[in-house]
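Here's what TrEMBL has on this protein:
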- A:13-36: transmembrane segment (TRANSMEM)
- A:69-87: transmembrane segment (TRANSMEM)
- A:94-111: transmembrane segment (TRANSMEM)
- A:117-140: transmembrane segment (TRANSMEM)
- A:149-168: transmembrane segment (TRANSMEM)
- A:202-220: transmembrane segment (TRANSMEM)
- A:241-264: transmembrane segment (TRANSMEM)
- A:284-311: transmembrane segment (TRANSMEM)
- A:323-344: transmembrane segment (TRANSMEM)
Amino acid sequence: MITLVKRPTPSQFWAYATPLLAVFATMVAGGILFAALGKDPIAAIKVIFYDPLFGPNAAYFRGQLLVKAGPLILIASGLAVGFRAGIWNIGAEGQYIMGALAGASVALAAYPAESHLLFPAMVVAGALGGWLWGMIPALLKTAFGTSEILVSLMLVYVAQNFLAYAAFGPLKNPDGYGFPGSRNLQQYPSAHNPELIAGTGMHWGVVAAFLAVIATYVLMQRHIAGFRIRTAGEAPRAARFAGVVPAKLVMFCLGLSGAFAGLAGLFEVAGPNGQITDSFNAGYGFTAIIVAFLGRLNAVGILLAGLLMALTYIGGDMAQLMLGLPTAAIQVFQGMLLFFLLGFDLLTHYRLRLGRARA
Amino acid sequence: MIGGIDIVTLIAALMAASTPVLLAATGELVAEKAGVLNLGVEGMMILGAVAGFATAVTTGSPVLGFIGGAIAGALLASLFALLTQILLSNQTATGLALTLFGLGLSALFGKGFEGIRPPPTTKIDLGPLSDMPVLGPILFHHDWVVYLSLILVAVTWAFLKYSRMGLIIRAVGENHDAAHALGYRVIAVRFAALAFGGALAGMGGAYLSLVRVPQWTEGMTAGAGWIALAIVVFASWKPERVLIGAYLFGGITALQLQLQAAGYAIPVHLLSMAPYVITVLVLVILSATHRHGAPAAPAALGRSFHASN
């Protein structure tokens, strides 16, 4: 019989080791899944994890890596701050959509005027759009005590319908021959978020993601606000005695994560995606939750986790192309990763002992 | 007919529209009564939807389909139970993981089942009752799952309120340390409650794919699982109020669909928002009025239990 003994303090070693162990276990379990789907598991794992980085067409895929990792890292950085405080914003997908809509609306309103001020204005609008959408659950939580989990999630579906409404209605391209979807911002120089260094996939959104990592690192590790956020998450009562105002914390965390998600949406619509369509959002807001946990809610961890998760996206696309692996298999794979991570986290907080516990 | 909307059809549609969330919310209620917050309802529902659909299509029997959906939901819930009860993982995070995993897994299994029609679920013919004007179409013209869901709500209510097992479940949910000290097996009780919740969520999902739509499409639950969670909060953890909450939600969904069909000049997408917006509004009204009242949530809700001390 194995019993669990709670560790007095979380194990430093396992805090770093569990994500690696979880990735390894996911590869094994994923391999079994791929084998069950009738694919060679070793080949599938190689196509997903190795080929995009070092395979024959790696030069192209490495660029894609930053394109996919950028929004994931940007959103997850914001979410992790809230998760640390025990504030669960799970509606980042909605904030992402609203940021993209707000930013794109500014661009489409200005069309076809060219100005250097347009893109910065779009960035501000994008952040504001996401921030406002994040403030709805924040205000309802602080004013009425409504669960931010449910409200932020419900707002994802509202945002999705709003996106479809905008794509078919007010933002529809007047020169689009009746097809739904807005003008393509990639063909509008002032509004376009271009690749900054050819072939790297680096665009302003990736820059913003790196800045977000640095900013949240400083905030959480070097600033009193970060200390307060962590205290509020680990010992809410103690935090209140230390002068933390819960309402302010809720507003800050949901506002910050909303703004980051909104920015991610804006950079996506102005850059790699180019266009507001009803299926513009690709689930980054939800995958970012996995990224935040895989990165152990830590800024640097999120950077690495975001890159890894982006790799599974690209590798998944490749595996679909080369092995006929269904796209959904990658979603399952990502879900499994989160399960293993949460399960193995036991080792961080508890020691395993053989034999029965003393009664 | 009021404003192009047939009231009788609307109320009859309401009962069918609310059945999936009613089933899922009743299951989640039992799990939460045992002190576990399972945010994975959406994942269990969608897996139930695909498993139920696949079973019904391959066997040709909708009854087996509903059983298949319930089993799939219960299995996924058991995974949640394993992680949160034995490996003591964070319930919020694990619930989210369950939803993401369920969405992926259902999409994977659902390949090849798209664009097929399922075998029809039989409507119960109650003879003269069904032929009654007004009440007939509203109350006595449904398939057996609608009635089963109502029976399940009643049974759950009586079980939690009057049975010994129900009392144990509530004890575990209110204070797991005390329940443990009394010799109740907290983890086993929670495992069972979660599996029951998963089974009902799976059945609710199967109702969507077998009766409501009826078809399998990726992501077809469209937040129904989350609405079920909201309904449990709305119901202040009381089964009879879950019924009200689910029917309120079903009414809005049915009304919204009928408004679309009646050709009102409101964009379809804005109408589709209605159930979600109203769910938020209801949550707000509820939390605003309950602010200073007695807290209705089970006291140990969301807390991990570890018998180390």
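Here the Cβ of each residue, glycine as well, is placed from N, Cα and C on the backbone.
Automatic prediction, not curation, is the source of TrEMBL annotations.
Note that the structure is a prediction, hence the values are computed from the model and not measured.
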Criterion met for the transmembrane segment (A:13-36) and the transmembrane segment (A:94-111) (at least three Cβ pairs under 8 Å): no
Whether the transmembrane segment (A:202-220) meets the transmembrane segment (A:69-87): three or more C-beta pairs under 8 angstroms: yes
For the transmembrane segment (A:241-264), sequence-distant contacts whose Cβ falls under 8 Å of one of its Cβ atoms, 6 or more beyond its ends: 70-71, 74-75, 77-79, 81-82, 85, 87, 89, 92-93, 95-96, 98-100, 102-103, 123, 126-135, 137-139, 141-142, 148, 152, 205, 208-209, 212, 225, 228-229, 231-232, 284-285, 288
Positions on the same chain near the transmembrane segment (A:117-140), where near means CB under 8 A and six or more residues out: 89, 91, 94-96, 98-107, 110, 146, 148, 151-152, 155, 159, 190-193, 204, 250-251, 253-267, 270
Distant-in-sequence neighbours of the transmembrane segment (A:284-311), which means Cβ under 8 A and at least six residues beyond its ends: 15, 19, 22-23, 48-49, 52-53, 64-69, 71-73, 75-77, 79-80, 83-84, 90-96, 156, 209-210, 213-214, 216-217, 220-221, 261, 264, 268, 334-335, 337-338, 341-342
